[in-house]
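Take a look at the structure below.
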Amino acid sequence: MRNGVSAGSVTNARKTAVAGDCKVRPGMGLKSWLDRIRAFTPLLMAVCSLLAGCFFIATTKPGHTPDVWSHVYRISGMTNGDWLAKPVGSRSFLHNTTGNVGGDVDRAWLDYSWQVFDGYDSSIALPDSISPSDQGKATVALPYNNTATNSPVAYLPQLLVFGFGKLAGLSANATFYAAEVAMLLVFTLCLLMSLSVLPRWRIAMGLLLLVPVLAFHMRTAFTISADSMTQAIAPLFLCLVFSSLIQPPTKRRCASTAAVGLLLAMCKFIYAPLVALLLLLPLARKAGRTAPENGGRDRFVPAVSIAGVGASAAWLLAWMKLNGWYATAPMFVSYDAMLAKKHDLLTRPATIAAVLRSIAWSISHGQTNNSSQGGSRALITVWLGLTLLFALLLLATAVRTLGRSELLFCWSSYLLNLLIILLTYLALWLQYTGSGAVGVLGMQLRYFLPLVAGWGLCALTCMQALWDRWRTTGQMPPFSPSHH
């Protein structure tokens, strides 16, 4: 008893206060828990990426990833000075006709590819096709038409490891695994940065970026391929652009975004249209800028954005001109046949209509590279998802739930991503689809992976905007797991 108040009364009062506080904030426990997870999501996803990647590196046999030997030969050729392809007379199971191009490859890589060959990758070179003049030499001229158009930037981590391995005298096996580990580290670092720059959606985007890669056994995260670098850089660029539109970018952020965009354009040129998103940066929200920074930023951001797009376009035009003299798949479409198809495409409206019909047929039937039922169903599912996303975007636009920055990003990223896929179909028709073939040959699900971040951010933004609108009208529950 103190001042006429019993200890029991004080205890009961505290219990009542705690219970009352819980009634006032019924969702704070879950929200606080989600906030903590959100803060650690980038690091958590990076750890998952490393663990899964190391597991799949250890369990995936060398040579058991798509076109790996063409990529290996391409990288080795660059370490020997063949940055651009040249005509070669040798052949592979894949490149089994005339019109082959490639470069001088260390003989150790030819020997290693046959030591571990299990019949999976047909781009392995045939020793009996090698020129007699190369017999006994440390390097041999090998074909890799399908990877010759990839720039050195697309192989940067692996190229550095191959160069170091050659100088240090490492075995081909040690260099191969070291290159895969280096690529995994770069992918993980880009994943970490992609999620860290996001002002919202870290949990959802972390799952969206990692789960599809896991479904491919992490191949696009570590394998010796130009796709790996693209898969690492594209989500980072899209997340940087999105973040810059939601939170007006500093000069450093704007310059970093433009630099990453240029890297993306230099990786695989089919994804270069994404760099046009840089033009959205000057339209970022003006709220939150400090006064001393406004004048300089207003001039700097447009200048850097235009410079980034201009540099990417200049690189793209120059690289395509340097590599426009050969066919990437002469075993399917010869160089002369490709030129004839290109001429018809540019001069005959009937050819354009025929190509559009072929693309539509390929999409509607889920036509894939290996024509497997599982791959076809997966591809059709992806297109159905993109159709639903388009409807969602139309709805969010119609009811005016999106701000200007979100609206510009969602429509621009969705349409640019769609344009890239359609251009991929066009390139496959031009280079891989022979005369008399039905549809368009060569489409693969992995071509969609670098674009997942853009579509994911678009979907999450639209759903959140619609949720917020419905919640304010009393038609939705009071708690929304927003911005997680």
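Backbone N, Cα and C define each Cβ position, glycine as well.
Automated prediction, rather than curation, is the source of TrEMBL annotations.
According to TrEMBL, the protein carries these features:
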TRANSMEM  39-58  transmembrane segment
TRANSMEM  174-196  transmembrane segment
TRANSMEM  203-222  transmembrane segment
TRANSMEM  228-246  transmembrane segment
TRANSMEM  258-280  transmembrane segment
TRANSMEM  300-324  transmembrane segment
TRANSMEM  345-364  transmembrane segment
TRANSMEM  376-396  transmembrane segment
TRANSMEM  408-427  transmembrane segment
TRANSMEM  447-467  transmembrane segment
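Of the Cβ pairs linking the transmembrane segment (300-324) with the transmembrane segment (345-364) and spaced 6 or more residues apart, fewer than 3 are under 8 Å, so the two regions do not touch. Here the transmembrane segment (39-58) lies next to the transmembrane segment (203-222) in space: the count of CB pairs under 8 Å, restricted to residues six or more apart, reaches at least 3.
Scored on C-beta pairs under 8 angstroms, the neighbour of the transmembrane segment (203-222) with the top count among 174-196, 228-246, 345-364 is 174-196.
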